[in-house]
């Protein structure tokens, strides 16, 4: 009697044979479970909400900063200089803290003060060189102050060098055996901050006293370029620009460049009509300014070419010479200055942190906002000195040389000799 070899005799768990000895597998569905779709949708919605929330916070912070800058510009040159100094102090604080190690600092009491000693020594040297002329013009009416200031200006370089050497000796004396590497790295870091940050941003002050225009206009171009790059990248950005900064896109870069150039030409014309912005400040007072705008801010007429349609309402246009210079500044602000931001991005990636600080909501720290501004400030100063400023002798220049190179007795003798010459001339 034959046994039935059907399903009842198969060992439990053994798959049933099919035709051809192959196993039949159940077809799997390609549909994603509804709970997974729901979770992904919630995450995308959350990311979009965070993205727009970040944009709003950044916008509000920008508006508050703009309002503060406008108020300080209304107050005058001295207040703008004070703002620059405050920004420099915050930037220095952020950068000093980057490589700070609390355990090491506890073993080195007073070592942190050494950074600030070098910082304020650099401030005294830099601003003493930039603002000596304005300082002299401020105190000429007071004989005692004039004599004191003339002495300080004459020996300012020696005083600053002595302060630096005092800091150098202080550093050597405080060296400790188990902290050599940390102390020397902090010493090098401090000097890099002074060179890369303070020295560059200090050119801003020279621009301020040459005329607020030469401070505000370059700074505005950087702000315009930054805002335009952000919005073009936010809405149209698809193609990555540089690996150092993954959020930067070619669409944002090109859109910001075009916007910055057009804005530069128009904004220069608008700012050029205000004497408060175009007049240089020759002292440290805060009074209202009146001056001859000079040829740089005097409109010149240009006839439009013949191919312009007849229905066009203007046959000529008025352009200030400064508007042509504005295009050069706009080109630099849109193409070269952003590399200051790329440098900062690479630096942050090297040390694995997102922002230099959190002082400004939505923006990070002061250093995050000033990276491109520092590059632009140096270029604006060099461009003004090379292509805009009239190279001639002035009373202020001669007076500054007299104060730096002649003693008080020699200055008095020069005064008497000039008096005699003027009497003879009359």
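The first residue you see is number 1, and the count goes up from there.
From the backbone N, Cα and C atoms, a Cβ is placed for every residue, glycine too.
If you look up TrEMBL, you'll see 1-36 marked as region 'Disordered'. Under the heading transmembrane segment, TrEMBL lists 63-92, 113-132, 152-175, 187-206, 212-237, 249-271, 322-344.
The stretch with the most CB contacts under 8 Å to the transmembrane segment (322-344), chosen from 63-92, 113-132, 152-175, 187-206, 249-271, is 249-271.
Among the listed stretches 63-92, 113-132, 152-175, 212-237, 249-271, the one sharing the most Cβ pairs under 8 Å with the transmembrane segment (187-206) is 113-132. If you count C-beta pairs under 8 angstroms between the transmembrane segment (63-92) and each of 113-132, 152-175, 249-271, the highest count goes to 113-132. Pairs of Cβ atoms less than 8 Å apart link the transmembrane segment (212-237) most often to 249-271, out of 113-132, 152-175, 249-271. Counting same-chain residues at least six beyond the ends of the transmembrane segment (152-175), those with a Cβ under 8 angstroms from any Cβ of the stretch are 108, 110-111, 114, 117-118, 121, 124-125, 128-129, 132, 135-136, 183, 187, 400, 403-405.
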